[in-house]
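What follows is one structure encoded as structure tokens, with my remarks underneath.
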Amino acid sequence: MSGVRPPIMNGPMHPRPLVALLDGRDCTVEMPILKDVATVAFCDAQSTQEIHEKVLNEAVGALMYHTITLTREDLEKFKALRIIVRIGSGFDNIDIKSAGDLGIAVCNVPAASVEETADSTLCHILNLYRRTTWLHQALREGTRVQSVEQIREVASGAARIRGETLGIIGLGRVGQAVALRAKAFGFNVLFYDPYLSDGIERALGLQRVSTLQDLLFHSDCVTLHCGLNEHNHHLINDFTVKQMRQGAFLVNTARGGLVDEKALAQALKEGRIRGAALDVHESEPFSFSQGPLKDAPNLICTPHAAWYSEQASIEMREEAAREIRRAITGRIPDSLKNCVNKDHLTAATHWASMDPAVVHPELNGAAYSRYPPGVVSVAPTGIPAAVEGIVPSAMSLSHGLPPVAHPPHAPSPGQTVKPEADRDHTTDQL
């Protein structure tokens, strides 16, 4: 079934539209951008079961990080939703095809944390080669290192970087940034990316290989920088690990599902992979006490934080809010800057031809209560509240708001839709 949803009504004659931050509670960055066109709610939820009914019924826009997942079943709970903006680049936690079917645009912020993710990737690579983490840990544990023999023992496995071959899987924004940094350290850099047109390897001075097998066979260190989809889940598995060079390193700052952690743990224990560094994991939040990696040696793990800096966080939140603003003040999807399901949305929906009064009877004389301007708290443990600005405590709204009627979804027009691309080069990490 295709969803038929109208444009977002905005202006003095219409109710102030509701926008919700689904899995967070800090709206201080978003408010200056949205306060004159929307009421901003924060839900602080980890699933749609924790999202207040008012948001499910009335929110036209949603902001979200990577800590909540929206399946088709989840998306169908939102009765008025027109746009979701992922505060970050990756959107594998959203069913974008189902969103398109339901008339919901999905956008991301692909560029804000490119530098941070690339820097973190190089940090992991350098850590594996120079064993900084393990040397620090040895001193913390009281190991006394004085003689040359003791240094050799505690630093065993440290290697020279110059002349080593770094293999990059996925040469999107982050992949390119990693390549440029790696060359400065003396790496020979090759990459595998079947979606890029010819010529970029010449522009960047890189070596391109035509198959994943070639990259794995020729790389001393493999680093992942591609989005996650149904085609590349467990791209690194027991079979592909065996195609890697004996004693190679593995780094993943992209998506946890790209690596089969059971296969990786076994390869680390057997020494087929000399060391690995992961910022993303199959199950998050990650814990060393659970899962197949708990006993794996020569492993560095960080908590999906490679993307973060204060500057990057502010930039991506500002851009996400601006995308929501474009949706409210403009036309979906034409006014959007980073809509990742635009083709599917355009083919599957015909909201532009609908009379808004038909789809939203409250705009045609039905009773409707307007939110006061500011931030609305609809956190799981709280009641709806609104304030003029942002303060720790919120003033309660009445629970007696009249219900808003929403029609059933219109039947599918039966058009042939263009399939989504298997991969978007803007989805490198976050």
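Glycine residues also receive a Cβ, built from the backbone N, Cα and C atoms like all the rest.
Annotated features in Swiss-Prot:
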- ARG255: active site (ACT_SITE)
- GLU284: active site (ACT_SITE)
- HIS304: active site, proton donor (ACT_SITE)
- SER89, 169-174, ASP193, 226-232, 253-255, ASP279: NAD(+) binding site (BINDING)
- LYS418: SUMO cross-link (CROSSLNK)
- SER289: phosphoserine (MOD_RES)
- SER412: phosphoserine (MOD_RES)
- 1-59: region 'Interaction with GLIS2 1' (REGION)
- 277-349: region 'Interaction with GLIS2 2' (REGION)
- 398-430: region 'Disordered' (REGION)
Alpha-carbon spacing, ASP279 (NAD(+) binding site) to ARG255 (active site), which is rounded to whole Å: 8
The region 'Interaction with GLIS2 2' (277-349) - residue tally per DSSP class, helix then strand then coil: 27 helix, 6 strand, 40 coil
Fewest Cβ neighbours within 10 Å, where candidates are the binding-site residues LEU171, VAL174: LEU171
Cα proximity to LEU171 (NAD(+) binding site), best match among recorded positions ARG255, GLU284, SER289, HIS304: ARG255
For the region 'Interaction with GLIS2 2' (277-349), mean pLDDT (0 to 100): 94
Candidates GLU284, SER289, HIS304 (recorded positions) - the one closest to VAL174 (NAD(+) binding site) by CA: HIS304
Rounded inter-Cα distance in Å - GLU230 (NAD(+) binding site), ARG255 (active site): 13
Nearest of the recorded positions (SER89, GLY227, GLU284, HIS304) to ARG255 (active site) - Cα to Cα: GLY227
